[in-house]
Structures are given as C-alpha cells and as structure tokens.
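Taking it in order: structure first as structure tokens, then the write-up.
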Amino acid sequence: MMKKMKWALVLALGLTGLNAFGQETPEVKIEKLKDNLYVYTTYNTFNGTKYAANAVYLVTSKGVVVIDSPWGEEKFKNFTDEIYKRHGKKVIMNIATHSHDDRAGGLEYFKSLGAKTYSTKMTDSILAKDNKPRAQYTFDNNKSFKVGKDEFQVYYPGKGHTADHVVVWFPKDKVLVGGCIIKSGDSKDLGFLGEAYVNDWTQSVHNIQKKFPNVQYVVAGHDDWKDQTAIQHTLDLISEYQQKQKASN
C-alpha cells in the first residue's frame with residue numbers, strides 16, 4: 001500500500017527537482033493574478049518534504065470556473081469555502097488538464113457541488129482505465145468556452161509530460177495556464193518521465209509558442225509560477241536531457 005501511495009504521489013508531482021516549502025505554508029494559498037483570475041497553490045508531502053502544485057480559477061458573473069483541483073481531497077472543502085468567502089460565488093465549472101491526481105482529483109467533488117465537470121476524451125479514457133472518477137462532459141483536444149462575458153480556450157499542444165495534457169489560454173488577460181507540460185523557471189530537471197514523451201515535448205512547447213505568441217503570464221504546474229522564464233527553461237531542460245541521453249548511448 002505504501003509503495004502505491006508513493007508512486008501516485010510521484011505521478012502527481014511531475015518532477016523531482018521541486019524546491020521544498022517550509023511548514024508554515026498554508027493548506028491553500030490564493031493570489032490574485034489579474035482582475036478576475038486567481039492562482040491557487042496547494043501542497044502535498046512526499047518523503048517528509050512539502051511540494052507545491054499551481055492552478056487557477058476564474059470569477060465570472062455566473063460563478064467560479066476552477067481549472068484543475070487542489071492537491072489532496074482533504075483540501076477540497078476548505079478551498080471552495082474560501083472561494084465563497086472571498087467572492088460570494090459558487091463553483092459552477094471544473095476542467096481537468098490531465099489525468100493525474102493534482103489535476104483530475106477533484107472531479108467527483110466538484111460534481112457533488114453541482115458544478116459541470118470537463119476533460120478531454122483522451123484524459124477520460126485514462127481515468128476510465130484507471131477506474132478513477134471521470135468528468136461529466138468530454139471534448140476533443142481543443143475547445144473554446146464562454147461563461148458570462150468571459151472567454152477562455154483549452155488547447156492540446158501534443159505529447160510531453162504525459163500524452164493527454166492540455167493548456168488553458170485566457171485571451172483577455174494574456175494568461176497561459178501551462179500545467180505540467182511547462183516546468184517552473186527553477187526546476188532542476190524534467191522530473192517524472194514514466195508517462196512522458198520526451199522526443200515530442202519540444203515540438204509541443206513550440207506549438208504552444210506558435211499558438212499563443214503574446215503570453216504575458218505563464219502559470220507552471222509546480223513550484224515558482226511567478227518566474228516567467230518557464231517556457232524557455234522547459235525547452236532548455238528538454239535539450240539537456242536529450243544531450244545526456246545521447247552521450248550515454
């Protein structure tokens with residue numbers, strides 16, 4: 001059982017080069033990024049060290065749209081309670097950007113609140129195979145959403161950290177939620193590669209750059225999301241990994 005728990009946590013981390021956080025870190029940290037867009041960071045412990053996972057939520061006239069979920073089900077209620085306390089609105093939509101627990105782990109909880117839950121068909125097939133809770137609604141790789149007056153776009157750039165991850169683009173704010181395909185600026189390596197497609201990863205990042213050339217903020221999936229060198233640093237890490245692999249062969 002312990003081996004399974006540790007393996008699941010490694011999957012969720014998506015990287016081994018994360019920096020540790022002190023014990024004073026809150027269960028859920030919320031920071032305003034733009035007018036109605038907030039970054040939330042949650043923490044989990046692996047081998048006695050605390051790590052961070054980042055995602056966002058959008059406050060609309062209709063309610064709150066949550067991208068991904070807090071990392072650990074014990075944080076779900078506190079998170080949604082805090083949203084209601086801050087904004088006086090309920091969560092009406094949840095979108096999982098890939099199948100790992102720090103992204104799709106809240107699908108069942110958000111559904112229980114009456115929120116509509118979404119994932120790509122690819123993510124849904126992985127969740128079904130793993131016998132995990134699935135989204136109510138699925139879509140092909142790319143989809144545009146409009147909630148009230150707010151619009152955002154889900155885009156599949158190709159394989160990288162996993163086969164199924166997508167990014168989310170908020171055009172009004174020029175914010176890209178990169179998730180785990182984008183490594184933070186201080187990541188030391190590509191991390192967990194058990195489900196990765198390293199040879200496809202560079203092209204997938206280039207696809208993101210081509211699709212969204214005017215990014216003002218990029219939110220990496222883990223660690224320091226405020227470091228805006230994340231996209232280039234991801235490309236550098238991929239190149240370093242490939243060079244090491246080539247040298248060892």
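Just so it is clear, glycine is given a Cβ too, placed from its N, Cα and C backbone atoms.
Between the candidates His87, His161, Swiss-Prot assigns the Zn(2+) 1 site shared with His98, His100 to His161. From the candidate list His222, His233, the residue Swiss-Prot records in the Zn(2+) 2 site shared with Asp102, Cys180 is His222. Using His98 (Zn(2+) 1 binding site) as the reference Cα, a 10 A cut-off selects Cys180 from the binding-site residues Cys180, Lys183, His222.
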